[in-house]
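If you check Swiss-Prot, you get these features:
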- 1-21: signal peptide (SIGNAL)
- C29-C55: disulfide bond (DISULFID)
- C33-C57: disulfide bond (DISULFID)
- C37-C58: disulfide bond (DISULFID)
- C44-C61: disulfide bond (DISULFID)
- C69-C83: disulfide bond (DISULFID)
- C75-C96: disulfide bond (DISULFID)
- N91: N-linked glycosylation site (CARBOHYD)
- C258-C295: disulfide bond (DISULFID)
- 258-332: domain 'CTCK' (DOMAIN)
- N274: N-linked glycosylation site (CARBOHYD)
- C275-C309: disulfide bond (DISULFID)
- C286-C325: disulfide bond (DISULFID)
- C289-C327: disulfide bond (DISULFID)
- C294-C331: disulfide bond (DISULFID)
Amino acid sequence: MSVFLRKQCLCLGFLLLHLLNQVSATLRCPSRCPSQCPSISPTCAPGVRSVLDGCSCCPVCARQRGESCSEMRPCDQSSGLYCDRSADPNNETGICMVPEGDNCVFDGVIYRNGEKFEPNCQYHCTCRDGQIGCVPRCQLDVLLPGPDCPAPKKVAVPGECCEKWTCGSEEKGTLGGLALPAYRPEATVGVELSDSSINCIEQTTEWSACSKSCGMGLSTRVTNRNLQCEMVKQTRLCMVRPCEQEPGEATDMKGKKCLRTKKSLKSIHLQFKNCTSLYTYKPRFCGICSDGRCCTPFNTKTIQVEFQCLPGQIIKKPVMVIGTCTCHSNCPQNNEAFLQELELKTSRGEM
């Protein structure tokens, strides 16, 4: 082999090694998230959700069944998928698969694990390992009674699937004046049977944004997860971040434009009104952005916290616990009227 061919083969070998390293780097989480994600959200196929990558850095399109997956390209967990990396010796890439599970029985019909179906025009359901999850196709909004509409109710409209709000034939007011904001339904909602002869499809909305950008606020949702299968409003305490800046917070940025999630430097007692938590906690808070973007909770859960309000009086309240936060440009608009209404109803004992 000539010297020229040897040099050419050597160059091609280095180029191939470089490309392999580049591809491998895109599969694993970087040591530090990029300072700014693409300004345009990823364009996903119809029915495919946009989710944070496995590194909680930037939004990506969730990978579907049979597609390749990695840390940077997570599978659609809302569809019950997981990334099977058993075929990769480096445990970096895999294929989105559905775990083997039990069949489901709904209204006398047997559905296979992973099978999707529509029991009626109002719900889109999926069988997942013996459990049925359904997503409402109709809007799950709630219209509260008010001066313009003291007795709102939903009625069926001929020729349409979804019911609509009405105040009755004698009402003159307009609809929607005191309606809660349109809630996004949870990715999956379960089906619980309160009676062997009645199918109750559970409907639960996502928690609303916290009523305060700093300090203790309130968050609400609507659910029918009860024995009566009736829609009721639930409220929890929430704190996105403390109003006072902790020492060292300004220096934690280290040149970055956004600090997504930060943990309290010391154990603190949670407080609301004249009540103080019995135990101390080290909660996570959402950080701040220096480029005008907003930083809000992305993944949360709810825990029961014991508070002491008066000597000898102990009560339990649901409290939001932040898992991760995300920075974005879709900042909440000014909705002071709704927040004041929420605070007023809570002070009346509706919490």
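Heads up, the Cβ atoms here are built off N, Cα and C, so glycines get one too.
Features recorded in Swiss-Prot, as mapped to the structure shown.
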residue	record	DSSP class
C29	disulfide bond	coil
C37	disulfide bond	coil
C44	disulfide bond	coil
C57	disulfide bond	coil
C69	disulfide bond	strand
C96	disulfide bond	strand
C258	disulfide bond	strand
N274	N-linked glycosylation site	coil
C286	disulfide bond	strand
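Taking the C-alpha atom of N274 (N-linked glycosylation site) as reference, the shortest distance to any of the disulfide-bonded residues C29, C57, C58, C258, C309 belongs to C309. Its Cβ placed at the centre, C55 (disulfide bond) has 15 other Cβ atoms within 10 Å. Of the disulfide-bonded residues C29, C33, C83, C83 has the largest number of other Cβ atoms within 10 Å of its own Cβ.
Of the listed disulfide-bonded residues, namely C44, C61, C69, C294, the sparsest CB environment within 10 A is found at C44. Each of the disulfide-bonded residues C37, C57, C75, C289 was scored by the number of other CB atoms within 10 A of its CB, and the lowest score belongs to C57. C286 (disulfide bond): 26 other CB atoms within 10 A of its CB, across all protein chains.
A straight line from the CA of C83 (disulfide bond) to the CA of C96 (disulfide bond) spans 5 Å. Sequence-distant neighbours of N91 (N-linked glycosylation site) (same chain, 6+ apart, CB under 8 A from its CB) are R85.
Considering only the disulfide-bonded residues C29, C96, C275, C258 (disulfide bond) has C29 as its nearest partner by CA-CA distance. Mapped onto three states, the DSSP output places C295 (disulfide bond) in strand. The Cα atom of C309 (disulfide bond) lies nearest to that of C286, taking the disulfide-bonded residues C33, C44, C286, C325 as the candidates.
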